[in-house]
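Asker: Sharing a structure here in structure tokens format.
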Amino acid sequence: MSLKPLLRPPPKWSNMGTSYSSCSHSTTTLSTHSLLLTHPKSSAFKQSGFPNPDSKFHSTHQIPQTHLRIMSQKPSQVLGGKVEVGETQEGISKRPMIDFHGIDEGLVEKMVYDALVWSSLHGLVVGDKSVQRSGKVPGVGMVHAPFALFPMPFPESHWKQAYELSPIFNELVDRVSLDAKFLQDSLSRTKKVDAFTSRLLDIHSKMLEINKKEDIRLGLHRSDYMLDEETKQLLQIEMNTISSSFPGLGCLVSDLHRSLLNHYGEYLGLDSRRVPNNPAATQFVEALAKAWTEYNNPRSVILFVVQPEERNMGGQEVAIVYFRAGYTPIDYPSESEWRARFLMEQSSAIKCPSISYHLVGTKKIQQELAKPNVLERFLNDKEDIAKLRKCFAGLWSLDDSDIVRKAIEIPGLFVMKPQREGGGNNIYGDDVREALVRLQKEGSEADAAYILMQRIFPTVSHTFLMREGICYKDDTISELGVYGAYLRNKDKVILNDQCGYLMRTKVSSSDEGGVAAGFAVLDSLYLT
């Protein structure tokens with residue numbers, strides 16, 4: 001975990017520029033030179049997690065010479081795209097589903113080329129970690145971010161539902177964060193067996209001891225959902241309260257898909273106007289700017305806590321500490337990082353998230369909130385409570401012996417989740433049974449480190465996936481995330497709104513779904 005301060009914002013926050021910075025301790029000033037940390041860490045962006053099928057076609061340096069080859073059960077020579085009418089919960093509707101077996105290979109080849117050029121021109125790129133100078137010299141060693149070539153069809157009614165839920169979840173996070181007893185009690189068993197959660201709770205306890213108040217509270221969240229195929233319900237996977245990633249790249253994919261459909265939509269029978277606008281990056285920046293304004297020090301700056309190996313310098317007061325890192329144990333390789341986290345938490349800077357907001361985002365709190373009558377502890381509006389409950393998937397503690405017995409018998413219906421973020425941590429399939437049996441034999445409290453969640457089975461769709469200049473055709477499933485921003489100064493709510501969306505698509509045979517980890521690609525919506 002390292003610290004990357006930003007310059008104080010200009011009058012109009014159209015962009016965020018990088019520089020170096022400091023934070024104010026309750027009554028004193030905390031400078032960035034107090035927070036010098038170095039953490040050598042491997043890149044979060046790994047090699048492609050996709051298989052290496054014969055369906056790959058040209059890498060970027062071979063575009064003019066290569067021909068498209070698509071892996072298909074029944075190759076077709078149909079010219080142009082073909083749109084089928086799909087089945088929905090209301091019966092037959094005009095839900096366009098592209099018949100990828102019928103798309104002309106030449107058309108796809110042109111779209112791939114245009115998409116790669118567009119990505120280069122518009123900044124839909126990430127650092128290529130195979131290039132030694134990448135990330136050290138601006139503009140050197142860049143590669144397009146992984147993305148889907150076509151937007152994913154998604155019912156407009158469920159998209160609107162997810163947007164409607166965002167302000168309610170924002171308010172819920174804030175209300176829960178203020179209930180220190182609920183957080184400490186709910187995570188008390190987890191604390192005994194999970195060292196990382198225990199350290200976070202210790203910081204939370206120390207803030208309570210010194211009566212530390214967070215008058216200005218800023219939350220930049222993302223609530224993730226999947227559309228269950230059997231029930232046709234939008235079910236929540238998790239609520240992210242720290243490091244809600246991809247608002248910048250996600251909105252660029254929406255722009256890319258609109259551009260492609262503007263050029264090729266008539267051949268595919270698709271309308272670019274059905275790809276919704278995605279203002280995620282702009283609205284997150286505006287939320288940060290409003291929080292900076294509330295801090296009311298025009299000389300102050302914003303400090304980003306990030307993972308790559310970096311150093312910082314300077315002595316300016318910090319208005320906001322934004323945690324792009326700090327959500328996983330590997331971000332705290334020594335006591336220095338924990339001391340820095342405590343120092344930032346103790347300061348008067350606005351934390352995004354604060355330690356209490358961070359704890360609200362844990363899996364255990366998500367499971368506790370799904371219990372009967374718990375939401376009523378924090379929300380008064382019965383309609384809002386009903387809306388939240390409608391999107392809750394099944395969530396259980398491992399002290400529920402009946403559910404554990406069922407999960408051992410039919411492990412494929414459950415996902416076992418530890419108190420971790422960042423992908424690659426969940427347990428699926430027969431591994432669920434093995435883990436539960438092992439925990440039962442051990443007879444310890446180690447089961448408190450996990451929760452059980454109903455496994456959601458979304459609709460499988462065919463699509464083309466782009467990674468490192470190579471296009472793959474595969475069966476995929478998708479996950480919708482909706483961003484939300486919440487800003488409060490004492491009793492005054494300044495901002496509470498949805499802030500765009502993130503669509504991620506992965507190969508259906510993969511359990512995990514991280515984009516940076518190589519399991520998924522960025523996508524957008526095609527409203528139906």
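Placement of Cβ uses the backbone N, Cα and C atoms for every residue, glycine included.
TrEMBL does not curate its annotations; it predicts them automatically.
Annotations for this protein, taken from TrEMBL, read as follows:
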type	residues	note
BINDING	Arg222, Arg504	substrate binding site
BINDING	Glu238, Asn240, Glu421	Mg(2+) binding site
BINDING	Glu238, Lys363, 417-426, Tyr428, 453-456, Glu479, Lys506, Glu512	ATP binding site
DOMAIN	316-360	domain 'Glutathione synthase substrate-binding'
Asker: Would you mind splitting the domain 'Glutathione synthase substrate-binding' (316-360) into helix, strand and coil residue counts from DSSP?
Answerer: 21 helix, 10 strand, 14 coil
Asker: Out of Arg222, Pro418, Gly424, Tyr428, Arg455, point to the one nearest Glu238 (Mg(2+) binding site) in space (Cα versus Cα); all of them are binding-site residues in the record.
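Answerer: For Glu238 (Mg(2+) binding site), the spatially nearest of the binding-site residues is Arg222.
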Asker: To see if you understand the setup: which same-chain residues, six or more apart in sequence, place their Cβ under 8 Å from that of Asn240 (Mg(2+) binding site)?
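Answerer: Spatial neighbours, sequence-distant, of Asn240 (Mg(2+) binding site): His221, Arg222, Ser223, Asp224, Gly361, Glu421, Gly481.
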Asker: Measure from the Cβ of Gly424 (ATP binding site) and count the other Cβ atoms within 10 Å, all protein chains considered.
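Answerer: Gly424 (ATP binding site): 12 neighbouring Cβ atoms within 10 Å.
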Asker: How far is it from Arg455 (ATP binding site) to Arg504 (substrate binding site), counting Cα to Cα, in Å?
Answerer: 18
Asker: For the domain 'Glutathione synthase substrate-binding' (316-360), report the average pLDDT of the model, please.
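Answerer: The predicted confidence over the domain 'Glutathione synthase substrate-binding' (316-360), as a mean pLDDT, is 95.
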Asker: Using other CB atoms within 10 angstroms as the count, which residue among the binding-site residues Arg222, Arg455, Lys506 scores least?
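Answerer: Among the binding-site residues Arg222, Arg455, Lys506, the lowest count of other Cβ atoms within 10 Å belongs to Arg455.
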Asker: Can you give me the Cα-Cα distance between Gly424 (ATP binding site) and Arg504 (substrate binding site) in Å, rounded to a whole number?
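Answerer: Cα-Cα, rounded: 15 Å.
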Asker: Can you name every residue in this chain, apart from Glu238, Asn240, Glu421, with its Cβ inside 8 Å of the center of the Cβ atoms of the recorded Mg(2+) site?
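Answerer: Near the Mg(2+) site, the remaining chain residues are Arg222, Asp224, Met239, Thr241, Ile242, Tyr327, Gly361.
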